[in-house]
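> Have a look at the structure that comes next, please.
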Amino acid sequence: MNLKEKTRALFAEIFGYPATHTIQAPGRVNLIGEHTDYNDGFVLPCAIDYQTVISCAPRDDRTVRVIAADYDNQVDEFSLDAPIVTHDSQQWSNYVRGVVKHLQQRNNAFGGVDMVISGNVPQGAGLSSSASLEVAVGTVFQQLYHLPLDGAQIALNGQEAENQFVGCNCGIMDQLISALGKKDHALLIDCRTLGAKAVSMPKGVAVVIINSNFKRTLVGSEYNTRREQCETGARFFQQPALRDVSLEAFNAVASELDPVVAKRVRHVLSENARTVEAASALEKGDLQRMGQLMAESHASMRDDFEITVPQIDTLVDIVKATIGDRGGVRMTGGGFGGCVVALIPEDLVPAVRQAVAQQYEAKTGIKETFYVCKPSQGAGQC
């Protein structure tokens with residue numbers, strides 16, 4: 001049974017009437033452009049064929065009822081007429097409540113909803129299961145009540161909910177690609193203007209995601225430290241964001257900066273340039289150049305931004321040794337564990353899978369999880 005069938009069946013069973021709509025919003029993987037989003041820079045993600053699915057129907061009152069199929073059918077119920085506050089014990093509820101609360105501040109021309117939620121975006125892997133949930137919930141209200149909100153506004157609403165209600169700092173990329181993703185394409189997103197340009201993916205290329213299964217521990221505190229270091233760098237150049245600083249300007253005065261801040265700034269500036277070039281390489285079907293850019297990105301994250309761990313570096317080395325110059329591989333996501341992403345010809349997938357299976361656990365003591373994905377469509381009815 002797929003997620004649509006599962007949520008529709010559960011909806012009818014629990015609520016006693018059929019759902020009127022089923023909405024999906026995908027997870028994502030970022031091909032290149034890491035820690036550039038909160039510096040107003042560029043990112044190049046694609047939506048993947050793992051998603052959050054919600055079967056839903058409008059109610060004729062002001063109550064929102066939610067069933068989480070993946071959490072033993074836990075229930076949350078709240079009123080649109082009372083202040084929406086955080087749930088004490090169900091963390092998943094806060095993503096739903098946060099989205100609805102912030103939606104009310106944007107456009108409160110909506111009533112109650114019944115919904116059943118299920119998803120298959122791996123959690124804790126850096127593939128944006130939370131953004132996928134936020135965008136799916138926002139799209140439910142937009143579709144059921146014909147709210148005049150576009151994908152970018154639904155994405156911004158999800159980001160606000162995560163930053164302000166759930167209390168987790170994040171850039172806009174995850175929600176934006178979940179809302180705006182395009183089948184068989186990546187999106188070059190300008191995180192300042194939220195402009196997105198569809199970049200076609202070469203035919204016969206697989207998007208492979210390998211989870212290191214190294215438990216991320218430092219990610220919150222270190223993420224915030226990196227943000228502060230980037231802000232310090234922008235202040236040094238008297239610019240609103242590092243987006244506005246050129247590599248030439250940086251190189252001229254790099255020695256005057258705190259050495260650690262200088263390394264962080266150099267990563268962001270070089271990564272921005274790599275990301276724009278990567279979009280053009282992908283469009284031309286130049287997988288060799290894309291692979292070089294991904295390798296440079298990984299080295300920069302490892303040496304300048306210092307967000308990789310030995311397990312991730314090992315995984316990258318195993319994949320790189322297998323694919324040579326026929327594709328690319330790098331860490332993807334916030335860092336300190338999580339996943340690597342590889343762009344490789346489909347005929348190389350079995351060899352990569354085998355090499356990783358034979359070597360990664362032997363070298364690290366951890367078993368990886370291997371996903372082969374397709375660039376997929378953003379949020380909407382399914």
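The chain as shown is numbered from 1 upward.
For all residues, glycine too, the Cβ spot is worked out from N, Cα and C.
From Swiss-Prot, for reference:
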SITE      Arg28  site 'Transition state stabilizer'
BINDING   Glu34, His35, Thr36, Asp37, Tyr223  substrate binding site
BINDING   Gly124, Ala125, Gly126, Leu127, Ser128, Ser129, Ser130  ATP binding site
BINDING   Ser130, Glu162  Mg(2+) binding site
ACT_SITE  Asp174  active site, proton acceptor
> Looking at the recorded positions Arg28, His35, Thr36, whose Cα is closest in space to that of Ser130 (ATP binding site)?
Arg28
> Around Leu127 (ATP binding site), which of the listed recorded positions (Glu34, His35, Asp174, Tyr223) come within 10 Å, judging by Cα atoms?
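Asp174, listed in sequence order.
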> Taking 8 Å from the centroid of the Cβ atoms of Gly124, Ala125, Gly126, Leu127, Ser128, Ser129, Ser130 as the cut-off, which other residues in that chain fall inside it around the ATP site?
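Here the non-site neighbours turn out to be Gly27, Val121, Pro122, Gln123, Gly333.
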> Taking 8 Å from the centroid of the Cβ atoms of Glu34, His35, Thr36, Asp37, Tyr223 as the cut-off, which other residues in that chain fall inside it around the substrate site?
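Here the nearby residues are Gly33, Tyr38, Asn39, Val43, Gly171, Arg226, Val268, Glu271, Gly334.
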> How far is it from Asp174 (active site, proton acceptor) to Gly126 (ATP binding site), counting Cα to Cα, in Å?
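One finds 10 Å between the Cα atoms of these residues.
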> Which one is it, among the recorded positions Arg28, Glu34, His35, Asp37, Glu162, that lies nearest to Gly126 (ATP binding site) by Cα separation?
Arg28
> Cα-Cα separation of Glu34 (substrate binding site) and Arg28 (site 'Transition state stabilizer'), in Å?
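Taking the Cα atoms only, Glu34 (substrate binding site) lies 13 Å from Arg28 (site 'Transition state stabilizer').
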> Determine the Cβ neighbour count for Leu127 (ATP binding site): the number of other Cβ atoms within 10 Å of its Cβ.
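Counting Cβ neighbours of Leu127 (ATP binding site) within 10 Å gives 28.
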> Starting from the Cα of Ser128 (ATP binding site), work out which of the recorded positions (Arg28, His35, Thr36, Asp37, Glu162) are within 10 Å.
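Within 10 Å of Ser128 (ATP binding site): Arg28.
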> Specify the nearest of the recorded positions Arg28, His35, Thr36, Asp37, Glu162 to Gly124 (ATP binding site), where nearness means the distance between Cα atoms.
Arg28
> When DSSP states are folded down to helix, strand and coil, where does Ala125 (ATP binding site) land?
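In three-state terms, Ala125 (ATP binding site) counts as coil.
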